[in-house]
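Here the structure is laid out as structure tokens; the discussion comes afterwards.
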Amino acid sequence: MNNVIPLQNSPERVSLLPIAPGVDFATALSLRRMATSTGATPAYLLAPEVSALLFYMPDQRHHMLFATLWNTGMRIGEARIVTPESFDLDGVRPFVRVLSEKVRARRGRPPKDEVRLVPLTDISYVRQMESWMITTRPRRREPLWAVTDETMRNWLKQAVRRAEADGVHFSISVTPHTFRHSYIMHMLYHRQPRKVIQALAGHRDPRSMEVYTRVFALDMAATLAVPFTGDGRDAAEILRTLPPLK
């Protein structure tokens with residue numbers, strides 16, 4: 001496990017890690033520090049951090065769970081009831097059907113407006129999911145990850161410990177729900193419309209997106225380079241030529 005770039009302790013190499021077009025890792029990391037310093041913005045991982053964390057999940061079941069959270073923005077409860085039947089991987093545009101736990105608990109077919117379709121835009125993930133299902137051959141209507149929240153957290157803690165033992169450290173505390181926040185931020189970094197992300201993430205209230213977009217307000221303010229410091233001597237010379245106010 002010596003081929004992974006340490007994410008926090010190699011500043012000379014972090015610019016090599018891709019985030020999104022026109023965005024480097026060092027800048028994105030700095031923005032995250034600012035945005036999360038008050039606690040108003042949820043903690044999230046950047047794409048290279050997620051890639052590294054998944055690298056330290058050798059168990060394919062663990063790996064595919066967190067890869068699914070990362071690729072879809074699912075809530076933990078939603079992922080717990082996902083079945084092979086939820087996925088459509090063969091079409092030109094693969095996707096997954098996402099139901100809330102409350103909807104799944106009801107009998108009968110759920111209303112169409114309570115089924116969320118999330119496109120799977122990363123072909124590598126789609127191929128991994130196909131390969132995993134072929135290998136494990138799960139029943140089509142059997143949940144893929146019917147485990148407790150505590151079990152999911154333990155799987156994640158094991159990966160974090162493996163990473164730290166290999167010299168890879170994360171500057172935020174990572175939980176399963178962190179992957180949902182990370183998905184939303186990753187989509188924003190790739191300039192997807194807020195309303196589209198809101199729909200894909202299953203947020204009913206548009207205001208729920210504001211906690212994420214404030215990161216980009218910080219970025220915009222930083223790039224404006226608005227000067228506030230002037231030459232006091234020159235200013236005094238100019239003001240001296242003006243008539244006094246009556």
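Numbering starts at 1 and runs along the chain as it is shown here.
Any Cβ shown, glycine's included, is placed from N, Cα and C.
Per Swiss-Prot, the features are as follows:
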type	residues	note
DOMAIN	40-225	domain 'Tyr recombinase'
ACT_SITE	ARG75	active site
ACT_SITE	LYS102	active site
ACT_SITE	HIS177	active site
ACT_SITE	ARG180	active site
ACT_SITE	HIS203	active site
ACT_SITE	TYR212	active site, O-(3'-phospho-DNA)-tyrosine intermediate
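Sequence-distant neighbours of ARG75 (active site) (same chain, six or more apart, CB under 8 Å from its CB) are SER100, HIS177, ARG180, GLY202, listed in sequence order.
Under the three-state DSSP scheme, HIS203 (active site) falls in the coil class. TYR212 (active site, O-(3'-phospho-DNA)-tyrosine intermediate) counts 20 other C-beta atoms within 10 Å of its own C-beta, drawing on all protein chains shown. Separating the Cα atoms of TYR212 (active site, O-(3'-phospho-DNA)-tyrosine intermediate) and HIS203 (active site) is a whole-number distance of 13 Å.
Confidence over the domain 'Tyr recombinase' (40-225), given as mean pLDDT on the 0 to 100 scale, stands at 90.
With a cut-off of 8 Å between CB atoms and residues at least 6 apart in sequence, the same chain places MET209 near HIS203 (active site), listed in sequence order. Around the Cβ of HIS177 (active site), 16 further Cβ atoms fall within 10 Å across all displayed protein chains.
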